[in-house]
Amino acid sequence: MRAAVIQFPGSNCDRDMAVALDQVAGNAQTRIVWHKETSLPEGLDLVAIPGGFSFGDYLRCGAIAARSPIARAIVDFANRGGYVLGVCNGFQVLTETGLLPGALLRNAGLKYICKTVPLQVETTDSAFSAGYEAKQRINIPIAHHDGNYTADAQTVARLQAEDRVALTYLDNPNGSVADIAGVLSENRRVLGMMPHPERIADPALGGTDGAALFRALANRMAPA
Amino acid sequence: MKARVQVMLKQGVLDPQGEAVRHALETLGFDGVESVRQGKVIELELAETDAGKAEATVTDMCEKLLANTVIESYAVEIA
């Protein structure tokens, strides 16, 4: 698998994401790509947009990053069928680019929440979630102030009907509509999720519930 | 030419910050505040001198960046 991690000013999970891809997915060549680049490295399978506070969350979380030079290349890559994973701020960026529907609002309780939360895997029909069992319960940390997923009722019904809700919260921490913690694009190759699988993908980090996501990606892609 | 953009969460989108402000006002003894909605104001200084063109340009800016029309509505004022 050939992967790249995008780095914006204010990204802070870029290195963790690259380590997870390198160690868990067995990819020794994860590239870090700066936001001012106008193109992605050739031959990529996966682009990962990491967590953090890109551009200080100015205007709206992810809004400025979604208009940065590299964002256009990411949208083109996704439209050509490339795989894109957005975690936390990366999920916010993906909704701001329009690659994923909906938006992420301030948490209903107004507090920044940093804790490990129980989730349910809602679909195994994607390169990201194929390594889990249907309806498997997993524990993954969240760390966000703006993770309250919202979309109009029609969009939520469509996501559910098309089996595009990837993950739900078992104990909704932020007010997200229909307990949604992660959603897939129509072609199932773009995943946005608020929980951080890269933070729980190594026993030394206290758990490995996130590792199956990276292993499943590696299994789906050709070896680098 | 100056432009003033007001961005608000759409009606129907829950505004937890507005609700927290309403609650704080109540704590301070301001009774009868039934609802608070919080938004933002963006001021722009433009080289454009034609008000119609300025409004069209700023509207385009709102659609592309200043507002997220999934959750926000906007109003443009040219002065």
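All positions are counted from 1 along the displayed chain.
Glycine is treated like the rest: Cβ placed from N, Cα and C.
In TrEMBL, annotation is done automatically, which means it is predicted and not curated.
Lifted from TrEMBL, the feature list:
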ACT_SITE  A:C88  active site, nucleophile
ACT_SITE  A:H196  active site
ACT_SITE  A:E198  active site
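Of all Cβ atoms in the protein chains displayed, 31 besides its own lie within 10 Å of the Cβ of A:E198 (active site).
In sequence order, A:C13, A:D16, A:G51, A:V87, A:C88, A:I140, A:P141, A:I142, A:A143, A:G210 are the residues of the chain that are 6 or more apart from A:H196 (active site) and have a CB within less than 8 Å of its CB. The Cβ neighbour count for the residue listed as 'active site, nucleophile', using a 10 Å radius and every protein chain shown, is 30.
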